[in-house]
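Sequence annotations record features per position, and here TrEMBL assigns active site, acyl-thioester intermediate to B:Cys187. According to TrEMBL, the substrate binding site annotation covers B:Arg90, B:Gly91, B:Gly92, B:Leu93, B:Ile94, B:Thr95, B:Phe96, B:His97, B:Ala156, B:Ile157, B:Gly158, B:Gly169, B:Ile170, B:Ala171. Under the heading domain 'BPL/LPL catalytic', TrEMBL lists B:46-226. Under the heading site 'Lowers pKa of active site Cys', TrEMBL lists B:Lys153.
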Amino acid sequence: MAVCVNVFHKCLRLPSTLLKLRPVVHKLNATQITRTFCSTNALAARKYTEQHEWIDVQGKIGTVGVTDYAQGALGDVVFAQLPEPDSELNQMDDCGALESVKAASELYSPVSGTVVEKNKDVEETPALINQSPYEQGWLFKIQLSKPEELDALLDEAGYENHLKNTGH
Amino acid sequence: MKISVISQNFHRSVNVWSVGFLKYQTAYHIQQYLANLQSQRLNKEKTLDGTIIIVEHSPVYTTGIRTQGYSESEERRLKTLGAEFYRTNRGGLITFHGPGQLVVYPILDLKSFNKSMKCYICKLEKTVIEVCKSFGVEAERSLDTGVWVKDNKICAIGVHGSRYITTHGIALNINNDLSWFSHIVPCGIPDKGVTTLSQELRKPLTITDVIYPFLQSFSHEFECDMKMLSHEVRKDVVNHLKKENLTSDITEAQLLRNNDLKLK
């Protein structure tokens with residue numbers, strides 16, 4: 001992928017957490033300066049539920065997973081029961097479960113919509129959820145039917161506060 | 001003699017309901033009713049921080065959410081032995097419940113306790129280990145969830161969590177017939193065995209001998225007081241079961257009688 005040098009230097013000043021996220025790549029030409037390379041937009045797009053799911057929306061498709069706090073609280077995940085593609089979900093419907101230490105913990109859909117993909121790698125290797133909860137451990141992708149529902153979810157700061165205020 | 005309230009002035013309190021001998025499905029409906037009640041936060045007076053259901057089942061095999069490994073022919077085979085078979089939403093693989101086994105379903109609101117499921121399971125294991133210790137049996141945890149006496153499992157654990165409300169629970173072998181386990185690979189662990197408290201002690205114990213020590217240990221480990229579930233809530237549960245055609249007059253009387261857990 002091509003990177004504008006101006007943008008690269010901007011990235012060096014960003015907090016290190018942002019640098020770990022996937023880049024938004026834009027086509028460059030010689031005369032244009034693009035939007036910021038690093039993932040400010042991806043981070044800004046990620047929302048959270050109080051039940052510790054995250055959703056990262058690109059266009060109309062949201063990628064859903066569970067947070068680092070959740071994977072720690074669960075323990076080693078041994079089985080992921082994920083929603084099937086084409087299932088219709090409403091916001092906060094229980095849509096699957098993660099099993100760890102003989103405990104099955106329900107998963108909730110952060111938004112309404114239609115499931116377009118489930119992560120088969122996670123079904124094969126549930127430990128990905130523990131190892132990489134925001135990247136390879138994503139659980140399913142959903143086409144949003146009501147994007148306005150995202151407004152009701154927590155942003156990064158809101159989620160951190162939620163963890164602090166509720167004694168997690 | 002009625003059990004007295006276990007009160008050590010902890011800031012948490014749970015109800016206790018010893019329902020006696022019940023079919024798996026009936027007990028499951030009771031769990032669901034109480035879990036729904038627990039999740040309605042307005043009902044804290046009735047529900048406290050949870051309810052512990054104590055039950056003994058007629059013979060039944062159950063699986064958890066990893067149920068695909070148990071085919072319909074496997075299900076039929078086990079039913080021909082004279083047991084029921086249910087696929088449930090708990091964690092853990094196949095196990096057996098039957099007479100002489102103490103089954104406990106804590107319907108807890110983990111928001112009142114430690115919210116981590118890992119921590120909840122660990123506390124359940126510690127509770128059972130303390131109970132075994134009180135009878136002189138050295139039990140321990142291992143990498144496989146449950147409570148073990150060397151290579152033999154004495155207590156199986158499998159739970160479900162939904163919005164921090166727990167269902168299902170533990171099954172501690174007291175004096176149950178272990179031959180039922182020979183027809184399955186218990187909890188999916190092929191090279192280990194099963195045992196009971198009576199077998200380890202080489203003397204007969206019954207469920208009644210173990211209930212109160214269990215509740216004391218639970219109270220200590222989870223730092224909660226205990227009281228008997230109110231007649232009002234039990235009546236509501238019975239009415240709910242009646243609507244679902246899950247109860248007979250005998251069961252109704254059993255569920256509504258005053259708890260007569262014997263003190264040791």
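Cβ atoms here come from the backbone N, Cα and C positions, even for glycine.
Recorded features from TrEMBL, shown on the structure.
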{"residue": "B:Arg90", "record": "substrate binding site", "Cβ within 10 Å": "23"}
{"residue": "B:Gly92", "record": "substrate binding site", "Cβ within 10 Å": "27"}
{"residue": "B:Ile94", "record": "substrate binding site", "Cβ within 10 Å": "25"}
{"residue": "B:Phe96", "record": "substrate binding site", "Cβ within 10 Å": "27"}
{"residue": "B:Lys153", "record": "site 'Lowers pKa of active site Cys'", "Cβ within 10 Å": "25"}
{"residue": "B:Ala156", "record": "substrate binding site", "Cβ within 10 Å": "28"}
{"residue": "B:Gly158", "record": "substrate binding site", "Cβ within 10 Å": "29"}
{"residue": "B:Ile170", "record": "substrate binding site", "Cβ within 10 Å": "24"}
{"residue": "B:Cys187", "record": "active site, acyl-thioester intermediate", "Cβ within 10 Å": "22"}
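Between the farthest pair of Cα atoms in the substrate binding residues (B:Arg90, B:Gly91, B:Gly92, B:Leu93, B:Ile94, B:Thr95, B:Phe96, B:His97, B:Ala156, B:Ile157, B:Gly158, B:Gly169, B:Ile170, B:Ala171), the distance is 16 Å. A Cα-Cα distance of 5 Å separates B:Ile94 (substrate binding site) from B:Cys187 (active site, acyl-thioester intermediate). With a threshold of 8 Å between Cβ atoms, the recorded positions B:Arg90, B:Phe96, B:Lys153, B:Gly158, B:Ile170 that neighbour chain A are B:Arg90, B:Gly158. B:Ala156 (substrate binding site) sits 8 Å from the residue listed as 'active site, acyl-thioester intermediate', taking the Cα positions as reference. Note: the CA-CA distance between B:Ile170 (substrate binding site) and B:Lys153 (site 'Lowers pKa of active site Cys') rounds to 12 Å.
The two recorded residues, the residue listed as 'active site, acyl-thioester intermediate' and B:Gly92 (substrate binding site), have Cα atoms 6 Å apart.
Between the CA atoms of B:Phe96 (substrate binding site) and B:Lys153 (site 'Lowers pKa of active site Cys') there is a gap of 12 Å. Geometry remark: B:Gly92 (substrate binding site) versus B:Lys153 (site 'Lowers pKa of active site Cys'), CA distance 14 Å.
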